[in-house]
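Feature annotations, reproduced from TrEMBL:
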{"type": "COMPBIAS", "residues": "286-298", "note": "compositional bias 'Basic and acidic residues'"}
{"type": "COMPBIAS", "residues": "299-315", "note": "compositional bias 'Low complexity'"}
{"type": "REGION", "residues": "281-315", "note": "region 'Disordered'"}
{"type": "TRANSMEM", "residues": "30-52", "note": "transmembrane segment"}
{"type": "TRANSMEM", "residues": "64-87", "note": "transmembrane segment"}
{"type": "TRANSMEM", "residues": "113-134", "note": "transmembrane segment"}
{"type": "TRANSMEM", "residues": "141-164", "note": "transmembrane segment"}
{"type": "TRANSMEM", "residues": "170-194", "note": "transmembrane segment"}
{"type": "TRANSMEM", "residues": "215-238", "note": "transmembrane segment"}
{"type": "TRANSMEM", "residues": "244-267", "note": "transmembrane segment"}
Amino acid sequence: MSSNLTVSCSNASVPFDYVFRCVRELELRVGISCSLYSLLFILFVVTLRVYFAQSHAESCFKPILTMVMATFAIATATFILTMYNIITQLQPEPENEDLYVPFSCDDNPDSRFLPPLFLLQLLIVDAFTIYRIWLLYQRKYAVVIFPSVCSLALFGSLVLNIIYPQADEVLFVVYTVNLPLSLALNLSCILFIAARLRKMQLELRQARGHLVLHFFLLSGAVHNLVLFFLLIGVFGGWADGVILVGPVSITCTAAISFDFSVLQIALTKAFNGGMMGASEGADQVSSKESHREIERDVSSNSGIGRSSSQQINFV
């Protein structure tokens, strides 16, 4: 199929490659956006149900629940804006003799509201990760210095993007600077947490400790892989594709990673509570059996005493 193939539309010639490019961009954005958001929605419902059932009486219930709701709300807003941009991407143009193409395909689908949303999502998720490191290492500030510096840089980029949303320099910083910063922050946090969990597993000799460690690594790998591939796209000549799917991919995978972490905490408590209940039930059963054995021994001893006394009286 030659590149100069044209399609007749309202007495005007439309290049086929032009139409194909617009349709391909629409398919890419719709497929990635809908698949990630549908997965996030299901995981969000499951996380709310499990976390509310297991941790509703704890002091940290409201802050974590607020963060779960906030990450889902940001991802939802990003998804809605992305769908709106998809709907309005193909805009019909009025008839004009000088106009060669009767419709326009939006060459800048990145709305001014999308970069601040995914930067805010990164800040929320990264702040929770830094807080977990701080708690795991017994409130030592030395281990959170590098992640905190990266988080402050992300916050500065968010402020600049809010003040100067359409500046070319700011848009350059959004993708080419913030993606490496967030990836470095997440990788360092995962290494710190994995090392601490591994050390705790060896100290406590828990048989299921490796399952918790693997679950945590897999949940964090989803978001980090997305950041890594987007980073390759930015520096590999696919910056337009990153603008198309970057914000919705980052916000959804960040929320998915956060929900995975909260779900892991709730499920760990549920499994531990179930095993404690089973052990308590086994202890109760064993205590009842021991009481029955003691009663049998006492009754048998009393029967022997009665028979011996009867023999003495008979004599």
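Here the Cβ of each residue, glycine as well, is placed from N, Cα and C on the backbone.
Predicted automatically and left uncurated, TrEMBL annotations should be read as such.
Sequence-remote contacts of a segment are chain residues at least 6 beyond its ends whose Cβ falls under 8 Å from one of its Cβ atoms, and for the transmembrane segment (141-164) they are 115-116, 119-120, 122-123, 126-127, 129-130, 133-134, 170, 173-174, 177-178, 181-182, 184-185, 188-189, 192. Here the listed stretches are 30-52, 64-87, 113-134, 170-194, and the one with the most C-beta pairs under 8 angstroms to the transmembrane segment (244-267) is 30-52.
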